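According to Swiss-Prot, the feature domain 'UvrD-like helicase ATP-binding' maps to 2-458, an assignment based on sequence analysis. The ATP binding site annotation in Swiss-Prot covers Ala23, Ala24, Ala25, Gly26, Ser27, Gly28, Lys29, Thr30. Annotation comment: Swiss-Prot describes 485-774 as domain 'UvrD-like helicase C-terminal'.
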Amino acid sequence: MKNWTTEQQAAIDARGSNLLISAAAGSGKTAVLVERIIQIILKDKIDIDRLLIVTFTNAAAGEMRERIAGAIMEEMERKTEQEAHLRRQINLLNRASITTIHSFCIDVVRRHFHIIDVDPGFRIGDITETSIMRLEALEELFEEEYQGAHETFFRLVEAFGGTKEDRPLQDLVLKVYGFIQSQPYPEVWLKEKVGDFSLSIEDFDESLWIKTIKSRIEIQLKGAMDLLNNALSIAQEPGGPEVYEEAILSDLGQISELYDSLTLPITSFYEHLNHINHARLKPSKESDPVLKEESKNLRDKAKGIIKDIKDNIFTVSPEAYVEDLNKLHPLMDYLYQLVTGFTSRYAQKKADRGIVDFNDLEHYGLEILANELVAQEYQQRFEYIFVDEYQDSNIVQETLIQSIKRKDNLFMVGDVKQSIYRFRLADPSLFIEKYETFGEKEGDINRRIDLAKNFRSRGEVLAGVNYLFKYIMSKELGEIGYDHRAALYQGASFESIKEPSIEVNLIEKNMEIDEDIEEELQELADIEVEARIIAKRIKDLLNEEIYDEKNEVYRRLEFKDIVVLLRTTKNWAQSFLEAFIREGIPAYADANTGYFEAIEVGMFLNLLKVIDNKRQDIPLISVMRSPIGEFTTAELIDIRINDKNGTYYDAIEKYIEKNEDALKDKLVSFIEKLNKWGNEARYIKIDQFIWKLLMDTGFYYYVGAMPGGLQRQANLRILFDRASQFEKTSIKGLFNFIKFIEKLQGSKGDMGAAKILGENDNVVRIMSIHKSKGLEFPVVIAAGMGKNFNLRDTSADVLLHKDLGLGPKFVDSNLRTYRDSIAKLAMKDQIKIESLSEEMRILYVAFTRPKDKLIIVGSLRKIDRLVTNWNQADNIYSLMNAKSYLDWIGAALIKHPHGEVLRELGDFEFNELKYKAEDSKWTVNILGRQAVVLEEHEKRLKEEEYKEKLTHFNREDFSPHRHTEHKEEIDNRLNWQYPYPQATVIPSKLSVSDIKKANMGEMDSIVHQIPTLVKTPKFMEGKKALTAAERGTIIHFVLQHLALNQVGSEEEISQQIDLMVARELITEEEAQVVNVGKIVNYFKSEIGKRMLGAEKVYRESPFIIEKSAKDVIHGLSENLEEKLLVQGVIDCYFEEMDGLVLVDYKNDIVLNGDTASIMTRYDVQLMMYAEALERITGKQVKETYLYLFDVDQGVKR
């Protein structure tokens, strides 16, 4: 039995309460949640299918199901009297509601579709299809608006459209539509927020906008008074400028009065603000110059705060702001009409195609659960409801859960300090409200339990994290105070290590270096310098030891023990990868960006664009200059000279017309290829066309031979996969595919480069802090800590906020001027604070990943000025004005006993009274760029020396007459013959059917087979009978696409096939060859029933595995070490508790019931499939079947 802490045991045992478990990082929340579920099953005798367990990703749901299954199996091994009950839970586990909120909504909608009149056969729309549908709906809407010529619409276009087009306004409609989907009733919310713009000066004082502005000003004025009090203290020190006291006290009095006026109407505050004046400082010649300057600077900062309020908030009077809002009201109302108009058009397009998107699922679910009878059904069905990662919920998900919970059966677990998904519209205030209002006593109907013990990290790491966040995190910044309840406490014991656990490396960007390499210094990017310094630190780390708990020994650190965490991987990850590779450090970047920037992807997309339309200069020249076109720069110039003004394709046509030379022949051949590919693109599926193009051009193999070839080929396969997804939509053709990809690029939908390494490879991982959430590593290097925060969320023309609504700029069309409305000003402040709060929580996530060591690295400029700011940063206002993570870290460290390096830079004193007792241990280093730059300089000198030797190379010095002793060796090498001639005729890749042919003596037909392309379009083919292979393909296709919850009868299956015909997935002729009765028999067979009852079913799963050629093809030499790729497609496999079951469909005719000979024929194929599946999934294939449709029978291998 596990030894649970008192708090963990309380979370496991508590009943009769809604529980909020505030689980700190590394506190074992998932283990507690699983144990609570097991105890409910054991002690409360409640079946697992009477529980609703909500997670936020499918992967998390799968992991939760596996954990629960493992825990149940572990209990069964104890051989208690509850074994039968536990066995029942194993059987029920597949139908248990362990799910995401979207999957739960799918179940609700499918069960109760009649309540909202939605097609029960709906499917989830692919991102490709829905993106294009949104674009179409928007274009139709705007075309209709232009035809309607409504004056307010044109004013809206003028105010929020671009200078030459209306794209910004279209983007705004999409932005508002997307944003309001996080509200339970989107259009109602939007209408209410638009109504806020119609108000009087009396309403203005009570508006959320003014309350937000006042709250922000309150913090600013407190900051100003703190600065003035510090300035006054310095003025009163011995040697200080006493004559400054009068002016400083005057400022303090006026600002104190201004602060008090915040409780009055905003017009009164505005009057007080405009009456503030600052007295001139009296001369103080005999004062200490340092103290005088310090006191004056502090006062100037305080004056700057007042100036900021005047210049950036109250640029006009409150009455003028009210007038602005009233003028904006009709524009915002028309924006509301555009959004609702778009919503209805988009909804109709989805309905026409029988699809829904994820937002629909949530809102359909809400609409259905608003029905009391349905809500009561779910309240009775679920004895307990569990919500994991509750801090990432939004108000829609909260409303869904609240509608099906009872008064005391909700269990919510999470950590608001790790709420880092604001960009997905997560709302941490839901967690915070409960955190602050729930009681802590046993028996409270709403009860909070804190899990504060951390079982992941060393005490030294925890002490440092606690010190930092106690200093910087607060209710105002971070949205939760870091008090004793939020602090981390060590829960696990660790063996001691020699090296310090927390290290801070500050890289100063502007340290002095030798003049002769100053230019090189400028060329070396800041990111690259940081990456190189970290690379060297990693090499040093490999000489250090950590304690391996699993093997109970000290061991050297390995690459895979180290992770580099970045706030953003864009631009940064690639620089780090290159620096690590240069230093011989194997590395892997887990990034979601950089895909479209990959040269091979950009090049191939240009080829597709040119095939679609040759009159595009940049893509055309790009393709011609590439290995596909093989034109030289000189040839491209010669072509352009023929027509300097037209398109480049015009110049090509004129060159062909005027010239008779080799370049003309080359151009004619190139254009013929483009025309040929253009014709093929019209009648070949886009995914097949892309793959054929990769093979025809040899481009796939070309990039494979480049540095990083495997990665580049994987990137091209992603494009092929994306085309396969596109092909499944109702939108077809090369033009539409290109349009979709461009839309994806324009909407920042970068897919990220392909991933070719696994988690067990011995490499240093480079990932974003977001990706690291939930993970742990022995050593964490938090890099890029000096990078400025990205607060561009506040720069848009119209801001959006869940509480404050719409925040547009005000445009005066008569004066052609604009300014921020008070709504936008309020929102800018609020969004900035919320963004900074999330940045602080992101920092918390990063610093709570390490087990043994945390290394913090950041670059900065003008460190002498920064340390002054850090030393003065002792209030919320200062921390809110931080520009980077280093500003927070530095502000805490400069006051720490180990921050002497920083204090020395500014000659600051240590506040021994306040911070001496602090026991966390930090190592602070200030590094320069000199070493990196000097190393680069020496490297370039060596390269120049090598080039010089090559330039003056003398062939005579290496004449064979002078080196006859090498003649025999040269002859041997030139006359060498390859010892494995068999390897030269073995293909690099074989399908499973090819292997069967090879072993039947048909190798020649495989080696020399040439794929042919039938160029006759389908509409010219005429009618002809389908071959047996084609009939088999159709049946496989139908089995792949059938909705498995609607296969109980011939009627249900026939309806689905008719739908496939309607959507042009198959033709009517193809549908007629499908024997529906045979398919029904399959689903009613023993193996079919098992498949339908399985938790996870996978259909038509392609694979490629590497095998030794001699193990695959009979008769090859035992000495042959050649490898080949085996590819195939597994018809179906499904998961059961104790392994995988593989099923392969066959339409072979069975003579006299002789199924054994059929099995013998396909034995090798099934063996290959099973091996591939085990290698891919890491799970055991326990059973393998052929399903023979001819005799309606499943045959086990």
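The backbone N, Cα and C atoms fix where each Cβ goes, glycine too.
On a predicted model such as this, the values are computed, not experimentally measured, just so you know.
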Ala23 (ATP binding site) CB neighbourhood, other CB atoms within 10 A: 27
Least surrounded among the binding-site residues, given as Ala24, Ala25, when other CB atoms within 10 Å are counted: Ala25
Residue among the binding-site residues Ser27, Thr30 whose Cβ has the most other Cβ atoms within 10 Å: Ser27
Environment of Ala23, Ala24, Ala25, Gly26, Ser27, Gly28, Lys29, Thr30, the listed ATP site - residues of the same chain whose CB lies within 8 A of the CB centroid: Val32, Asp415, Leu451, Asn454, Phe455
Sequence-distant neighbours of Gly28 (ATP binding site) in its chain (C-beta under 8 A, six or more apart): Gln8, Leu451, Phe455, Gly491
Cβ contacts of Lys29 (ATP binding site) (under 8 Å, same chain, 6 or more positions away): Ile21, Ala23, Asp388, Val413, Gly414, Asp415, Leu451
Integer mean pLDDT for the domain 'UvrD-like helicase C-terminal' (485-774): 81
Neighbourhood of Gly26 (ATP binding site) by C-beta distance under 8 A, where only residues 6 or more apart in the same chain count: Asn454, Phe455, Arg456, Ser457, Leu488, Gly491, Glu776, Thr848
